[in-house]
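Participant: Quick one: the structure is below, questions incoming.
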Amino acid sequence: MKLAVVFLLTTVVFTLAQSQCENCADLQCNSTVHCCLVSTVRLPRWKREISRCGRLAIRRWRCEEPNSNGIYNRNCPCVPGLECREFRRGRRICLPEQSSTSTSSTQGPITSSTVTTQSEATTETETTTAAEGK
């Protein structure tokens, strides 16, 4: 019975791997929508690496950081416009890219001499108007 289950599992894994993308080992996945995923199947006295084309991760999918060789273990990198960031407990997911111009940490501290309150602005306007009216 165990042998039959192992045989069935092996057959399913090979069929899935070949039907996904036969040329992934040669890095011929369509890089605009796919990445190359390489997984290792281990059975008693047998080990095999299976390559397949996986879909690029979209928002909130698990992801891996882009690398130089284009081969990934479990998850593909994010589609353009998203970035792979740590979410919880070491999990990384695709989230919108953070714009560096919108962060307030890049701005310098505000000094008291540069702060103008609403009442000061109103008083200054009234003084200017009265001076022009003379």
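Each residue's number is its place along the chain shown, starting with 1.
Note: Cβ is positioned from N, Cα and C throughout, glycine not excepted.
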Participant: If you check Swiss-Prot, which of C63, C76 bonds to C84 via a disulphide?
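Facilitator: According to the record, the bonded cysteine is C63.
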Participant: Need this for a regression test: disulfide-bonded residues C29, C53, C63, C84, filtered to those with Cα within 10 Å of C35 (disulfide bond). What's left?
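Facilitator: Candidates kept after distance check: C29, C53.
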